[in-house]
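**Q** To start, I am sharing the structure in question, which I have written as structure tokens.
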Amino acid sequence: MAGYQEHELPLLHETARRGHGAQHEDLSSFVGQSQQLESSEQQAQGYRKRIQDRTTRPPLWYTKEFYVYYFVFATAVPYMFKTAHDASSESNPNYDRFKDLLEDGWFGYKVDNSDEQYANFRNNLPVLTLVMCIYLPLSHLFQQFFVPVTPLKSPLQPLYRTYFFLAFSAVYLYFMYGNSILKIGAIVTINYAIAKLGGSSQWMPAFTWFFNIGILFINETYQGYAFASLHESLAWLDANGGINSRWDVNFNFTMLRLVSFNLDYYWSLRQTRENATNEDRNKTALTDKERVSTPTFAEDYNFIYYLAFALYSPLYVAGPIMTFNDFISQLRYPKDIPVKTKAMWIGRLIFALLTMEFTMHVMHMVAISKRKAWDNDPVLQICMIGLFNLILIWLKLMIIWRFFRFWALLDGIEAPENMIRCVINNYSALGFWRSWHKSFNLWILRYIYIPLGGSQYAIYNIWVVFTFVAVWHDINLKLLAWGWLISLFILPEVLASKVFSKNKWGNSPYYRHLCAVGAVFNTFSMMIANLVGFCIGVDGVKHMLYDLFSSAQGWRTMLGCFGATFVAAQIMFEVREEEKRRGLFLTC
């Protein structure tokens with residue numbers, strides 16, 4: 001149910017399983033599978049066409065039903081923006097409680113720059129842009145003079161770019177974290193030693209996980225630990241902490257890369273690699289899946305390449321996350337990234353930055369949530385405070401990830417795009433997770449979900465997955481509550497998708513509407529979980545739910561939200577059907 005998501009988990013299961021050399025499974029219950037489908041672009045197009053013929057229906061855009069939806073949409077969306085703006089206007093009785101968090105902005109407006117994460121990025125954007133402008137010419141000059149043009153298909157051909165990556169990263173990280181670069185170096189060296197000493201032994205993955213999760217807890221407990229705490233004679237090293245002494249905050253992304261190297265190395269030793277050597281490695285154009293799943297040469301799992309990957313400057317601070325195999329593959333077989341693609345991404349980044357600036361000036365949602373300044377506000381205003389907080393979180397993360405991805409893209413490295421849908425263009429908990437932080441989701445699939453048994457034990461695995469995700473973000477009770485709420489709210493969708501499967505009920509004229517009802521509950525549950533974890537916390541959500549259920553006004557608001565979300569779900573369904581008609585198949 002909930003928007004025809006029932007076949008997507010097995011598809012993702014298969015995608016990641018290839019990384020372990022497992023047998024190919026059915027992509028869906030209604031389409032046969034052949035290993036030759038990906039052998040040529042012509043066959044792939046025929047495969048997509050056959051799926052398209054079986055999965056799409058006539059468009060609904062110009063039906064009477066959808067004209068009603070357009071009217072609701074055109075009425076509800078502007079009213080939502082007005083309600084959110086009213087909650088943060090000077091005429092609001094709670095304005096005095098959060099106005100001290102506002103700063104002077106453009107054109108006489110106040111700007112809400114109270115989100116610490118985005119404020120840090122926004123305030124340092126000129127410096128980051130300068131560093132990028134220094135890095136890229138140097139990188140391209142080095143590549144022009146020292147790197148062969150042809151694909152590096154032999155292990156005897158060294159990847160000279162890794163030496164530049166490592167040299168620049170040393171300077172960049174010293175500038176960022178000062179002497180704390182020694183702590184980073186010690187951790188990554190120990191992790192490398194675990195990989196090399198463990199080799200193909202079964203205990204190596206266990207030691208890798210134990211060490212890296214342990215580092216997360218130690219970093220959180222001691223907040224990066226001072227040199228003086230190790231020995232008093234080292235206290236002088238604490239004097240230079242760089243421009244950001246909290247090196248441990250960004251280290252969570254490095255931890256993912258450390259695990260990736262160790263497990264990719266482990267699987268490369270345990271897999272039969274003759275076929276990969278003779279066939280896949282001789283291709284000049286590998287698919288994205290092949291770059292991740294195909295082991296690279298044994299000689300590539302060395303300390304220099306490992307450090308270059310773990311400390312790669314454009315992606316170090318915030319990702320997106322890549323696997324070691326993919327990173328090295330892109331160095332050996334560079335991807336042809338058209339200038340048009342790069343221009344498109346800079347345009348998208350600039351548009352997102354301007355949208356964020358406009359929103360921060362006209363809506364002060366973060367400041368309101370920080371001060372819990374919603375006393376006596378109408379129930380709908382409280383709901384909009386929560387909703388627009390989520391939208392702002394999505395927007396800020398999209399900007400941060402797109403900036404660093406664009407930096408890497410200009411360097412010839414294509415990392416996975418994280419935000420592939422707008423946050424309010426989601427009705428499935430599973431689909432939301434796949435589209436929100438896609439590179440992390442792909443990492444989870446490859447290194448946690450599939451090794452634990454994948455979709456065969458999905459109901460159990462999601463608890464492990466989201467507990468890890470919560471701990472990885474930050475070790476606190478609020479995020480653990482978020483992780484467990486996500487796991488709890490996913491279960492009804494998984495069960496409903498099995499009971500009300502499209503194969504069984506898809507021909508019913510009421511099936512789409514039943515899915516829309518499920519999508520409404522999915523949307524509400526996702527909002528509640530994310531509001532708990534990242535916005536207004538448990539107390540704020542309790543206050544909002546109490547206001548919704550304890551008064552006639554609250555019930556009217558809830559019914560109105562239900563109707564508007566039902567309409568939104570119908571439009572989202574049709575958007576995905578339109579994508580299928582154009583041959584675009586996304587798993588979210």
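Any Cβ shown, glycine's included, is placed from N, Cα and C.
The compositional bias 'Low complexity' annotation in TrEMBL covers 33-45. Here TrEMBL flags 23-51 as region 'Disordered'. The transmembrane segment annotation in TrEMBL covers 125-143, 163-194, 206-228, 303-324, 345-367, 379-399, 447-473, 479-501, 513-534, 554-573.
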**Q** Count the CB pairs under 8 A between the transmembrane segment (125-143) and each of 303-324, 447-473, 479-501, 513-534, then give me the winner.
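**A** The stretch I would name here is 303-324.
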**Q** With pairs restricted to those 6 or more apart in sequence, evaluate whether the transmembrane segment (206-228) and the transmembrane segment (163-194) have 3+ C-beta pairs under 8 Å.
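**A** These two segments touch.
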**Q** May I ask which of the stretches 163-194, 379-399, 513-534 has the most CB pairs under 8 A with the transmembrane segment (345-367)?
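**A** Checked against 163-194, 379-399, 513-534; highest Cβ contact count belongs to 379-399.
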